[in-house]
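Read the structure below first, then the notes.
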Amino acid sequence: MQRTLVLIKPDAFERSLVAEIMGRIEKKNFKIVSMKFWSKAPRNLIEQHYKEHSEQSYFNDNCDFMVSGPIISIVYEGTDAISKIRRLQGNILTPGTIRGDLANDIRENLIHASDSEDSAVDEISIWFPETKMETDN
């Protein structure tokens, strides 16, 4: 079984889409291993999470958005969880995906999902330092 990190972003709460997003993932038979609700995530966690983008012009705006409201951090587990949840997440131009069907903006796009095994390990350690990472790959 492979583990991956998902963040449900502030716009999902603002638009009452949290259950819809989590339901789409649940219907694909992924198991929640750990979950935390953050009424306002600490900015240092957000900055650490997005550190690879720290030199980009959008970094501060993205961090501001991520601390603008509640988020949920979730560790999901399942076969090929990283690639399958990334496909389910999609992008705003791909119908049939979470972002394609529900997102309105490139930044305020409802969900983040780890894009690789290395990212999953790193991101899970940021949001769930107490969780041991186990993968099948």
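Placement of Cβ uses the backbone N, Cα and C atoms for every residue, glycine included.
Features reported for this protein in Swiss-Prot:
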{"type": "BINDING", "residues": "K9, Y58, R86, R99, N109", "note": "ATP binding site"}
{"type": "ACT_SITE", "residues": "H112", "note": "active site, pros-phosphohistidine intermediate"}
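Positions of Swiss-Prot features highlighted on the structure.
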{"residue": "K9", "record": "ATP binding site", "Cβ contacts under 8 Å, 6 or more apart": "F65, M66, I71, E108, N109, L110, I111, H112"}
{"residue": "Y58", "record": "ATP binding site", "Cβ contacts under 8 Å, 6 or more apart": "R107"}
{"residue": "R86", "record": "ATP binding site", "Cβ contacts under 8 Å, 6 or more apart": "A113, S114, D115"}
{"residue": "R99", "record": "ATP binding site", "Cβ contacts under 8 Å, 6 or more apart": "Q89, G90, N91, I92, N109, L110, I111"}
Margin query: Between all pairs in K9, Y58, R86, R99, N109 (listed as ATP binders), what's the biggest Cα distance, rounded to the nearest Å?
Written below: 22
